[in-house]
Amino acid sequence: MARPDLHERISSLRKLRVAQERVRVRRQVGRRDGVRLEIDGRWLTGFCSNDYLGLSQQFEVVAALQDAAARDGAGATASHLICGHHTAHETLERDIAEWLGYPSALLFGSGFIANLAVQQALLSEEDDVCVQDRLNHASLLDATRLAGCRLRRYPHLDVEGAMRQLKGAPEGAAMLASDGVFSMDGDVAPLRALSLVARMQEALFYVDDAHGVGVLGPQGRGCVADAGLGVAEVPLQLVTLGKALGGYGAVVVGEEALIRHLAETARPYIYTTALPPAQVAATLAAVRLARRDDWRRTRLTELIGTFRDGARRHGFELMASDTPIQPLLCGEEPTVMAMSAALEQAGFMVGAIRPPTVPEGKARLRVTLSALHTPQQVQALVDAIVQARDVVSRQPQRALA
C-alpha cells in the first residue's frame, strides 16, 4: 500500500486554512522606538508586545549586551555541560533564584524548551500523570504529550476539577501544572487553593509564571510571591526572560534536588547550545532594573486602570484581568480581523486572536500594555476602538459581541 504523500497533505491543509481564512501571516517590523513600530513603511503605536516594563530597549540593558558581545563574542559555542556555561549564565541563575526566594535555578533557551525539559525529566514513567488547567499555554500541554506521560485537564480555574483529576489517576507520580497568568485571558490562577490540592494529592505543583514575574508581587516577584507562596508550596516555577524582562530565554527555579536532576537528565537542556552570554548579560541588567524600579509597575497598574475604565465606559466586554493582558472579546473571526485592520488604519497595532488559539466564538483583540505607554496613547487607543466598532458594525454580518 502506498504511503500518504506529505506534499499532498500539506497542500490540502493549506487550502483548508485559506478557505477558513485562517492563514497566519508574519508582519515585518522595520524599526522599533519604544512602543512604536515601523511596519510597511508606517509608524504604528503598538499594543501587542510583551515588553511590559519597557526594558527591551533600556539603555543599561542594551549597553550590557554590547559590552558582553565585545568581550565574549556572539555565542556560547557549546552546551552547558561541555564548555558553554559562562560566568554570566551562573550569575543569572543565582540572581533570579535569590530574587524569587528559591535555592536553585537552571537556565534554558526558551520557555517552551524548559516546560518540555521539566516534564520529560520528572514524569518518565507511563503511569505518571500531569494534571493541567484547560487553558494552560501550548508549551505545557505539548510537553506532556511529548514526555509520554498521561495528560488530564480540568476546566479553567476549577480547583475542584483539579482535585478530581488527581484523584482519578492514583497510580503513578503526579504533577499539577498551571499558568500563573493566562496568556490569552490575562486572569490569574488560584495558586493558594491549587497548592493545597497538590499537597493533599501528593503531587508536585509547577507554575509557569511567564507573564507574572516582573509585573506582579513584591519587587515584581510574580504570582507565586503575590499569593504568599514559596518553594515549600511551589517546588518548581518557570520564569521566561522574553516578557517583562525584555530579552530571551527562560529559567526554572526550584528545590536543589529537582534542579540538579534537571541539569543531569533533561535532554532539552543537555543537548542544546547555551544562550549567548551577551544576551544573558542583558538579562542580568534587566533583572536589576525590574527589582529596583517599582515605578514601572505602578505606572503599568495606572495604565491598566485607564484602559479598563475607558473600555467599560463605552460598553465593551472585558475579561477578569488586572494584568497588562487586556482581551477585548469580539465574538467571531471576521469581526476581530476587521477590527484589527481598522485599528491599523488608525495607527495602532493590536493582535487579533482567533481559533484555534482561543475557542470558537471567543475571538478577541489582545491588548497588551507597557510601562512605556502614555495615558494619552491609551485613551487614543480606546477612542480608536470605539470608532472601529462603529465602522465594523455597519458592515454586513459584522457585529461586536
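Using the three backbone atoms N, Cα and C, a Cβ is placed for every residue, glycine included.
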Identity of the pyridoxal 5'-phosphate-site residue among S79, S178, S183, S195 (reference: G111, F112, H211, T240, source: Swiss-Prot): S183
Counting only residues 6+ away in sequence within the same chain, which have a CB under 8 Å from the CB of T240 (pyridoxal 5'-phosphate binding site)? S110, G111, A210, V213, G249, A250
Widest Cα pair spacing in Å over the listed pyridoxal 5'-phosphate contacts G111, F112, S183, H211, T240 is 14
Which recorded positions sit within 10 Å of F112 (pyridoxal 5'-phosphate binding site) - Cα, from R24, K243, T357: none
Maximum Cα-Cα separation (Å), residues R24, H137, T357 listed as binding substrate: 19
